[in-house]
Amino acid sequence: MLSVLTVPAFNDNYLWIIHDGVHAAVVDPGDATPILAALEEHQLSLVAILLTHHHADHVGGVAKLLQHFNVPVFAPRKDPIANVSHPLDDGDTVHIPELDLHLSVLAVPGHTLGHIAYVAAEQGWLFCGDTLFAGGCGRLFEGTPTQMLTSLEKLAALPDDTKVYCAHEYTISNLRFALAAEPDNAALAIRFKAEQAKREADIPTVPSTIGLEKSTNPFLRAREPAIADQLIAAGRVNENDKGPVAVFAALRAWKNDFR
């Protein structure tokens, strides 16, 4: 039986350990120290490293982990990452035999051009790095709005009960923005209160689910007329150009400046 262990790091990162009680794979180990501590605490042996993109808070711990464990490193072929043994492209599959874990690889460019996500279909898990967040999405550091929207809609096509293991605890700030973008969304208002209660109790808001994101995350709702209307009223989208890409681009630009 596989499970996912949450390992907080830095100010708001989540590193993920997939394990069976004996063996473990780590997703996006930006810092080796908390990973090594968690492996020791739970008496786990590392057998694989999985990376979603090249940013330092996701790959910074790889070299140190490799000093302790001689394991394969899976990562996107199109992102510049050191120490990669298994470069991956869209449609590839990863098998970690020690865990009997099968992962499908999805190319999700936008945050970075080579960003990938891993889907464990049997378990219903998605490890999406900085592409999809609980209530939000990653900044477009390298990609275009069209690329990011396509990537997000690819993730939104996964089953609604898929658990979303994103890499940051940004949920409350994301949902504050979501309420500005779609103030009449009743499901969103309910979610905001529930997530606030979790944070007040120091409980992670991640994982989310695809179904919850589809009903409350504005970046998965760029085709909703209510959001387009809100952007038009705010002068952020032209009435004559309110297609989903224009709406998504306006949402992302607004979020970048939202306080």
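Including glycine, each Cβ sits where the backbone N, Cα and C put it.
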Quiz item: Swiss-Prot has H53, H55, D130 down as binding Zn(2+) 1; which of H23, H102, H111 does it also list for that site?
Solution: H111
Practice problem: Go through D57, D130, our binding-site residues, and report the one whose Cβ sees the most other Cβ atoms within 10 Å. | Solution: D130
Quiz item: If one measures from the C-alpha of D130 (Zn(2+) 1 binding site) to the C-alpha of H168 (Zn(2+) 2 binding site), what distance in angstrom results, rounded to a whole number?
Solution: 8
Quiz item: Could you give the Cα-Cα distance between H55 (Zn(2+) 1 binding site) and H168 (Zn(2+) 2 binding site), in whole Å?
Solution: 13
Practice problem: Looking only at C-alpha atoms, tell me how far H53 (Zn(2+) 1 binding site) is from H168 (Zn(2+) 2 binding site), rounded to the nearest Å. | Solution: 14
Self-check item: Surrounding CB atoms that lie within 10 Å of the CB of H53 (Zn(2+) 1 binding site), all protein chains
Solution: 28
